[in-house]
Amino acid sequence: MEGVPGKQELKQKRTLVEYCFGKFLILCTWELAADMEESISSLSDKISKTVLNIFAIALASGVALVFLFGFHNYYDPSMKSSCGMTWMYEFPHFVKIPLKNGGDEKYPMYGLYMYAEGRLVEKARRQEYHGIPVLFLPGNAGSYKQARSFASIALYKAIDMHTPFHFDFFSVDFNEEMSGLYGYVLSRQLDYTRLAIDRIMHLYEDFHHIVIIGHSMGGIIAKTVNADEIKSHLVFTLATPHAHPVAIFDPEFDVFYHRSDANFTKIQETDQKVTVVSIAGGDKDILVLDKLTQSTQNDFQTSVPSIPGAWTTTDHLSILWCNQFALVIVRILFDLVENRKVYRKSDTEYAKITTNTDHINSVLSYHLYKRPSGKSIHTAFPVDSSTKPPKARWDEILVQSYCQSESHQTTYIMYPMVIIREKVEDNPESSRITVITTSPKPKSWIFGCLEQDVANGIRYCSKLDNLSPYGEIFPNWQKAVTLEYGRIRKYSHLVVKTFASDFPFCTHLEVNQPENYPLPPTFRTENKIVFNYSLSHLNRRFTAWKIDATTEDDKCKNESSVAFFKHNNYLTHSFMGNESLIVRFTNWSSQDAHVVMYMNPNCNYNVSVRIAYLETAGQIFRTYIWILPAYITSVILISLFFQKHHEDWHNFHLLLLKNAFNLTVIPGLVVGALLTFIPSDYLKIMDAAEVSLFLPIFCYLAAYATVFLITAGGWYLLVGSGNALHAIVMKYLSKRLGSIPNRVTDYALEVTFAKFPIIIAVLLISLSTATCGGLGILAGFLLYVIKIFKMYEDMLEDLIKGKIKDVKEGLSPLNFHQTIVSLWFVVAMLNLPSVIFWVRNFGYGESPQWDMSLYISLMLTPVVAILWQDFVPKYNENIWIIQRYLSYVNGVLVCIWGTHRLYIISFFITLYLITLAFTQLFSSLLDLASKSENAQGSIDNSNAITEEILPEGEDGIPNDSVESGNDVGTETEQVVSEQEPENSEKLPEQKKNE
């Protein structure tokens, strides 16, 4: 049987089938494993990226909460101010003083005024001035009327003290210009101030020395006015940023500060002396931090909480009306009057401020740094070298603490030096003796006994040394003195004097060593008075600390114990047992920080130190809020880098969520690394010794949260109320344009936006050159918002009509423009000061402002001629990848050079938008060229198909009759039309494969 296969052959066939099947299984398994490995790898990458993004979002949320709590800490309306109000007893008047030499014609927006009350108003109007001139210069957006607190106190102090002299307060009206935001006004304010001083000096026949008080940027004007010629020998600057401006919105700030410092240094090198006093507001001033008020050119620098008699913190404005502080300034002025008398010249009586540098320094040191006793340096320490004992009580005590419920006569409490020597035997040279009294009345209260005598059986000191000038007063009006043992070893007793009083008083004495130990986390005070601890180990950039002292004794929960935090020229206090002492460091590069506590030895306190979380958030907020604009810009620019394809344009804030880690941590590390070798002002602005990688990351997290909240809020506002907002805008424009119907306005804008955006560009350029650049930029932003409203409305209509099959297809252009308008918004806000300046000076015939905002506007506004075209956004892979890397580079560099100089941010954004406009134009041209080639290719293909089909016609007509045969032509067109759908169906698939 030849047709039947044998067993061997069947076996071979079965083996072959099994082999092939096995190979097939192995191949399938291998392919499946490869696919699974690729899927697992892709899944792993997605999981890793998701985890990192969640981590970054969590960090950004935490940082956002920190800034939110910090904002609450410094803007809490429930926080009570301890400043007292300053009252006027008669209605205040400001009499305008006309300038000479055409000053009023040159600066019609400015003015010089003289303050007067009551009967002095008529004298001021008659220009009868016989006092000592004081000139007040307001600061950023400040009013000339802010001088009334100082002027009113000085007026009534002269009346109450019956002094033969008084002060005439003048004030300059700078039209409330924002000199802290717009640097171009500084030069003309300086010029007007010189004219005003010359006018004032002319009123006093040129034999007076004028005192200048400047607030905020007015302090910079006050100091600079002496840079070329000495106009005043004494300048007070209140909350003035001497180190550098808070934020530099234009390069004129750099130029003005540099010229001012250089010229003032030259003046100080001559024999002429100008004393500059810089006073900061304290923790509540979030605009000008304490460290900004410090400069090597200042002779005295302190803060309001550190000044004896003030002991309170002020914000940027309350420093001008805080009664406690205003009293200190007026007392200084009265103590500086030369010989406290009037002179006569040409039948005119006058007084003047002393020019004796030593006397000026002693008065300022007394009132600003260490005021041991009275309100005037001239009456603080009356001569008291001998005593007459019959009417006084002398008590010699051998205990450290002495208390008395009441006293009906003057009492001298004598501490024998014997008990002091017993306590300083181990280390007498370094020992310190501290004496505290709760009796506030006697100005001279602590003495050293040189000679003793006996009268009526009472031992007393017949000759005393007054040691009161070495003491100080406390906010609870207690007095204390700390003396070296070597200074007092010659005395037989330390004597404390108290007056008769119906109130109880105590006197405490303690011997201690000057060691400055680190502050422990917890400790207990028992029978000890002075505690002096170092805080250098707690000096951290962000952290604020809270020191509490608790006690179970209700009698000790009062103001008998006080603690001071001292850091450089900054000092703050708290009453222990009644409130917490908050420790904030103002200078991170300085380790000179310590806390000194003067505790009631009759009370026992449990002292603890812990982090003050809310105050720490406030410290972070007030320190870094001004550097966020650069990082916000960086986040927006770098986000464009991750829009790799036009499909990524579908939602901007979702793009932020998908790339959270790449928008925060990664650029933070890049910026931190570049700051180590690229020249910048980072170390100066941050007051740091070295670059920290943590700070850029922290700022990126804060900026990321800000950008996400703003863009997401703006997007959902557009989605929820876009049509309503568009209708409101159209209605408003129709009314402003003469009651034109809404449809006409809407159609005109639609045609202009879509077909002729170059008209918008020309109008914006014309507006900028006719007014100011900031106004042109702001108008461009508002028109851009209207365009986005219109785009959203058109997208909804196209979606309903079926012109758009996918929502993402309609959202891509909309979200692309949302990113661009976000950048435009940043530029508009940074150039807003020029708009405010132009509006304020519009009525004075100001010529167009040729400032930095104009140059920005002339470069930025023309891009709308391209970016507002219908073909934008246009995607070209080769060109877009270049644009992506440009966005990343700009985003990184803006954080290096634009953190403090904010005008650099505008340049980086403008540069990017210009390059974006050109890339969109090139992409459109390339797309048109590609379409033209495709169209030409389609025509060639159609001709080729026609040549192939016609010879094979069904009716067999020869080729010679093709041109004359109408039927053949019709059939050819049908064949070609039948071929085109096949090509049109393949085209999307080919594009997808590509």
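Even glycines carry a Cβ here, placed using N, Cα and C.
Quick look at what TrEMBL annotates:
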| type | residues | note |
| --- | --- | --- |
| COMPBIAS | 961-977 | compositional bias 'Polar residues' |
| COMPBIAS | 983-994 | compositional bias 'Basic and acidic residues' |
| DOMAIN | 129-335 | domain 'GPI inositol-deacylase PGAP1-like alpha/beta' |
| DOMAIN | 696-920 | domain 'GPI inositol-deacylase transmembrane' |
| REGION | 949-994 | region 'Disordered' |
| TRANSMEM | 51-75 | transmembrane segment |
| TRANSMEM | 624-642 | transmembrane segment |
| TRANSMEM | 654-679 | transmembrane segment |
| TRANSMEM | 691-710 | transmembrane segment |
| TRANSMEM | 753-786 | transmembrane segment |
| TRANSMEM | 821-840 | transmembrane segment |
| TRANSMEM | 852-869 | transmembrane segment |
| TRANSMEM | 881-899 | transmembrane segment |
| TRANSMEM | 905-926 | transmembrane segment |
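Here the transmembrane segment (881-899) does not lie next to the transmembrane segment (753-786) in space: the count of CB pairs under 8 Å, restricted to residues six or more apart, is fewer than 3. When Cβ-Cβ distances under 8 Å to the transmembrane segment (691-710) are tallied for each of 51-75, 753-786, 821-840, 852-869, the top count falls to 51-75. Averaged over the domain 'GPI inositol-deacylase PGAP1-like alpha/beta' (129-335), the predicted model reaches a pLDDT of 90.
Within the chain carrying the transmembrane segment (753-786), a Cβ under 8 angstroms from the stretch's Cβ atoms is held by residues 726, 729, 817, 820-821, 824-825, 827-828, 831-835, 837-838, 848-849, 851-858, 860-870, all 6 or more beyond its ends.
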